[in-house]
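Okay, so here's the structure we're looking at.
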């Protein structure tokens, strides 16, 4: 088997054009795509968002302010001067009015459409998908919020944010509202301490995919690095099968058969060769992209452990698939037919696996099908791994890929032509 | 040593090799002669265990090799018609790879490679890639690869196709030496009659998938013992003249070859004077006239009405 392996590696190395295509082309594509399409995940591309928020105002602001004033005058916590200042401030910018003004501000209006409506209508619109979410300002919210802030009375009312799905749009809207409340709390805290604060102009959260708790950012160049790595490994498997076709066409395979060497040595030599080449190829793409673009510079050594683990299992699966392709190629009368079929399969895998177009841009059902392909699975897994670096993420994909290895090897061996059936 | 028994191969209902029976005794050099498409390569593929016959058998020392060709492959060296080498590897690397998978012992492999390269005269070029070799040199490495494991039987399928005369002579001499000096049994297929005449003790002539004649060279030539072979060079050849020649009493076969007409006619017939008469009647002048010794080419012409290169 080692003799076959050495021969295959030597032949690969001698074909400098092939080496260049397999190693340099994906690297070049990663660099070019990262430079040309940096905003595909939302970076520097705010206008991609068109968020719709239904606003339900059940609060009676004036009544709330009057009630707060009455309550404040009954307490002995403030001097008369302090009380007057507080009431002037509260009347000048009541919190609910501030929130509404904020939501309708020109900065937000570019990407958030706010429509005021009644509760039932808002719920219906959210359910029908016409709205991303609704925000309900409940009855007596103004009073309870002010009482909580200035009179230390426990809040009995809070804003109600409603959405059907936990989509990226919902997440963004939730963050927008939360950021206003955070700002208001900060303003109150600083004012209470005798300071002053500027009202910030809020904007769409910048850069990367929107963060959720415990998640690391995931960038476009990371995406292209993984997708090109996973894709070009597939091309490598097809290249190995094509070489088998050449060996058949040029009769070297017949000569191998005549040597009495165990038939499966040839197949396992090819499989092992594919594994070594694919592993080196993928790791070179990752390492090359890291040094050129710094794709993993925000991560520690742990991320590399997961990457190496997944690359190893994935390339084993690809090597096993190449065993199937090799056996099929040997069975075909015309090797050119095999070349065409394999290229078509790779293209389909590449498209539905998200290697050509980011999987987030694909419909949900297509994403789910895509993750059934080895390349789609490894792409989705590594994206998640980079964000969370949690080893439990790798378990199930590793099991699935291992099953693909076993099944593909079995099929490859079964399809391998028996002695004397090589013509 | 090696024999075929009613060896038959059919592809999609068309029989391309039809009940071929041939044998090779140890140390013999046997020729398989026939035009392109006669079924020689298919027969060779079946004998060398690369193709399963539709029916019939291939026996090595009386033992069938169809189901288990391992023993046959051990003693067989096959030189395919095509160059079955890795173009991106050097001659040495090709020989080393095939030597290893032929399981030539490690201790002997290097000396075997060098000996084989010596035989084919390419020791000086062993480090060069095959793709840089001429057609003749590639053919020689192709032969060297089949010799690595010291086969007892060497099967060569048209090993001189498409190469220069110098390389061709080199290969023929090499095969002759292997047979005469090393005692290697040779089965040599070709559509070049003169190669087979030069190398082989016995000859099988194939046409349309069948063996149409067999025997030693003298046995085959004796087929023509009652006939004369005459080569005529007229000043012009036209259809009427040819038709008239065919009508001469005793003429069996007429074949135009370039500016000459080859005629096989019954011995002792009055062919010469009749030819002159026919020429005068058709205003054709006979420029040259030659009685030839019969060759295997003439035998093939006699048997099939065609030349080997048709």
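All positions are counted from 1 along the displayed chain.
Even glycines carry a Cβ here, placed using N, Cα and C.
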Among A:199-222, A:223-246, A:247-270, indicate the range for which TrEMBL gives the feature transmembrane segment.
A:223-246
When TrEMBL marks a stretch as transmembrane segment, which of A:165-186, A:341-362 is it?
A:341-362
Give the nonlocal contacts of the transmembrane segment (A:275-296) in its own chain as ranges (CB under 8 Å, at least six residues past its ends).
5, 9, 12, 22-23, 26-27, 30-31, 34, 219, 221-222, 224-226, 228-230, 232-233, 236-237, 240, 303-304, 307-308, 311-312, 314-316, 318-319, 386
Do at least three CB pairs under 8 A connect the transmembrane segment (A:391-413) and the transmembrane segment (A:223-246), leaving out pairs fewer than 6 apart in sequence?
no
